Amino acid sequence: MSLFGLPGGPSIYRMRFMTWFVRVAGVYNASAIAVFLTPGVPEKIGLRTPTIAFWVWLPSLVGLFAGIVLVLSSVDLQRFGAFPYWNGIVRLIFVVAVFTLDLPDQAGAFVMVLAIGDIPLALVTIFGLPYVLRRSHGDLLRNRVHPIWSAA
């Protein structure tokens, strides 16, 4: 019996939360892509789009791929937890790049909104996944399902 009197204990609830959270992060990617690719919407929200369509589609497809990987990873975080973990690192790098390279001045204020939205997504996945999955940061970085010192 668990602390709450339910079978499975609090770790089940943490895993359910993290599964939900990773899925929401994937949907967050999809919503940003919908904004980028809907004609007229980027301009309405102050996003300066490139004149060459390739530079609109390339980052959108990369973001779509990341969103799909997150949604699929959320099905089994024990096996696929490295993908959202790395996505959290990439999100954090994006946040740092937005504010250090002054990207809102170049691309528009919407980029800053995306970066601010990425902060909690990055931090919860980077620090929450190791806690919930009971694996070290190094294990998630190297995609080790069974740590070296385990008997499995």
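A Cβ is built for glycine as well, from the same backbone N, Cα and C atoms used for every other residue.
The transmembrane segment annotation in TrEMBL covers 20-40, 52-72, 84-101, 107-133.
Contact between the transmembrane segment (107-133) and the transmembrane segment (52-72) is not supported, since fewer than 3 Cβ pairs fall under 8 Å when only residues 6 or more apart in sequence are counted. When Cβ-Cβ distances below 8 Å are used as the criterion, the transmembrane segment (84-101) is approached by residues 22, 25, 66, 69-70, 73-74, 77, 111-112, 114-115, 118-119, 121-126, 129-130, 137, 140-141 of the same chain, each at least six residues removed from its ends.
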